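**Student:** Have a look at this one before I ask anything.
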Amino acid sequence: MANIEDIKKELSNIKYPGFAKSIVEFGFVKDIQVNGSEASILLDITSSAQEVEDQLRKEIGAAMSSIGVNATLSFNKPQAPKQQSNSTSGQNMAPQIKKVVMVSSGKGGVGKSTTTVNLAIATAMQGKRVGILDADVYGPNIPRMMGLNGQEPEIVGNKAKPLNAYGVDVMSMGVLMEEGQALIWRGAMIMKAIQQLLRDILWEELDVLFIDMPPGTGDAQLTLAQSVPVAAGINVTTPQHVALDDSRRSLDMFKKLHIPIAGIVENMSGFICPSCNTESDIFGMGTCEELASQYNTQVLGNLPIEPAIREGGDSGKPVTYFNPESVSAKRYMMAAEKLINFIDNQDEVSNEAIQPTMPAGVSACSTEGQRIKAEQEAAKKSGGSCGTGCGCH
Ligand SMILES: Nc1ncnc2c1ncn2[C@@H]1O[C@H](COP(=O)(O)OP(=O)(O)OP(=O)(O)O)[C@@H](O)[C@H]1O
Ligand SMILES: [Mg+2]
């Protein structure tokens, strides 16, 4: 009957796949237990590849049979590396953009646009090719915050080129509409506007496109999520809004839209006194930590109320670019680092699960005849409109 030494001898003839040395020489055989003709062998190998384990199982099994041993094998091996992929699936109106990041909040006025601008600049300063799409059709203020007020985009054919400031490409409804022009936006118009901002703008190849959303959880958010796979959702909130459950609404929306949550930005979370530079707690700093853990996410940053942030926004000179040594700029840089880490290490993002149930070209405002026609056409190509200018396509 075979003993441990016999088994070891057989194992010392088995080469580690792809190498000249045996598994015994490598020290991969960690434990051998024998009980009559039964043996259990534990191996600790350095490869996560299944083929390596399979080949070893085959060779060891054959070697053990040759000496009348029925061996049970167990393997310790490293975790397979997480699949890193920039690929996306589902509908994608802007495939030249690697990662779309949706910046959202349950309530208005909490600092979404300020966060978008500074995070985008901080991300660009870390070597990424970055754009901002201002999807806040109700109050587009990214152009002002980026110092682009009054600038007109270059038109090429029937498309517009984004503007550029501080190394970031920018497009906004505010650039395309007459200043002060008031529009009453209906659901279908918002959907059309968002899709045009993705499809009819000449976005270059970008690593990250930040989208500043209108406040709340409505048509704009759903349309965006259906039009491009969104790689990350960022929720901007203030500590007092956490208590009011507003921020939960936007986090719940990310979950419903299958948008991976990159984290929460706790804005106005304390006050930095401009004269003595001390940080004091006003609304209750740090309340977002608990919220983040409830949603299995992280706090990307705690941004204090700092006059330089507001001044930077009003004057079009963002604090992260113009005052990089400030506390706020450093926190935006750290938040950008966390975000980059999140999107660079995620699996494939898909928006397949949130595609409209109606075929492309059909909206709730289509008449029955048009709906049938559009359905037929949609089978061949996406297209069709009810022709009323309602914005259904
Ligand atoms: N951390 C901060 N410190 C000082 N001022 C800030 C800070 N964050 C935002 N602000 C100021 O608060 C105001 C509202 O911010 P912002 O416009 O970014 O909010 P918003 O969520 O985009 O608002 P809306 O919902 O109206 O689009 C702006 O004047 C901005 O400069
Ligand atoms: Mg805003």
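Counting begins at 1 with the first residue displayed.
Glycine residues also receive a Cβ, built from the backbone N, Cα and C atoms like all the rest.
According to TrEMBL, the protein carries these features:
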{"type": "BINDING", "residues": "GLY106, LYS107, GLY108, GLY109, VAL110, GLY111, LYS112, SER113", "note": "ATP binding site"}
{"type": "DOMAIN", "residues": "5-67", "note": "domain 'MIP18 family-like'"}
**Student:** Report the DSSP secondary-structure composition of the domain 'MIP18 family-like' (5-67) as helix, strand and coil residue counts.
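**Tutor:** Secondary-structure composition of the domain 'MIP18 family-like' (5-67): 24 helix, 16 strand, 23 coil.
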**Student:** Would you mind sorting out which binding-site residues among GLY106, LYS107, LYS112 put a C-beta under 6 angstroms from ligand 1?
**Tutor:** LYS112
**Student:** Under a criterion of Cβ-Cβ distance under 8 Å and sequence separation of at least 6, what residues of the same chain contact GLY108 (ATP binding site)?
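**Tutor:** For GLY108 (ATP binding site), the qualifying residues are GLY139, PRO215, GLY216.
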**Student:** Do you know which of the binding-site residues VAL110, LYS112, SER113 end up with C-beta under 6 Å from ligand 2?
**Tutor:** LYS112, SER113
**Student:** According to DSSP, which kind of secondary structure is LYS112 (ATP binding site) found in, if we only use helix, strand and coil?
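**Tutor:** It is helical.
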**Student:** Could you tell me which of these binding-site residues, LYS107, GLY109, VAL110, LYS112, has the fewest other Cβ atoms within 10 Å of its Cβ?
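**Tutor:** Sparsest of the binding-site residues LYS107, GLY109, VAL110, LYS112 by Cβ contacts within 10 Å: GLY109.
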**Student:** Let me know how many other Cβ atoms fall within 10 Å of the Cβ of GLY106 (ATP binding site).
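**Tutor:** Cβ-Cβ neighbours of GLY106 (ATP binding site) within 10 Å number 23.
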